[in-house]
Amino acid sequence: MPLDFNEIRQLLTTIAQTDIAEVTLKSDDFELTVRKAVGVNNSVVPVVTAPLSGVVGSGLPSAIPIVAHAAPSPSPEPGTSRAADHAVTSSGSQPGAKIIDQKLAEVASPMVGTFYRAPAPGEAVFVEVGDRIRQGQTVCIIEAMKLMNEIEADVSGQVIEILVQNGEPVEYNQPLMRIKPD
């Protein structure tokens, strides 16, 4: 029995509000896997295997098994502080250019999805480390629900570091790259 859009949306909302890092739904006709980025080491710990109806509610078929994994609490790297977690963003609580210190800004993911450095496989990447970029320039793509969303730089400057590998899943507001503003 295929899921409709509202059932998938309800499932994604439920997952986003928990510490579940990965969910896989399987039936005869399809398989759906949802993963969240879970920190520096990207390890997950299995927690529960239960029928789907016990996790989400009565809107989904109960014959589909669900496997859930808890996301570990991210621990800071030795010698670093969590100050970047409390940095002020340039547009309130919206993702975008986050000033991580007086010299660097971060481009953050505005959504959960998959990070891509190029517009298509085999094509040139949008930016490389060391490139000079301008405000509004496309720096990457985040694929979310089969839609390609171009992510633009909120500041002009030089790309100092790209924090995510091509094809990796990203979380909402996850830093993607660091820029030294002009």
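Glycine is no exception: its Cβ is also placed from the backbone N, Cα and C atoms.
Computed from a predicted structure; not experimentally measured.
When the domain 'Biotinyl-binding' (104-180) is classified with DSSP, helix, strand and coil residues number 0 helix, 37 strand, 40 coil. The domain 'Biotinyl-binding' annotation in Swiss-Prot covers 104-180.
Within 10 Å of the C-beta of Lys146 (N6-biotinyllysine) there are 5 other C-beta atoms, taking all protein chains into account. Per Swiss-Prot, N6-biotinyllysine is recorded for Lys146, and the stated evidence type is similarity to another entry.
Swiss-Prot lists 70-95 with the feature region 'Disordered'.
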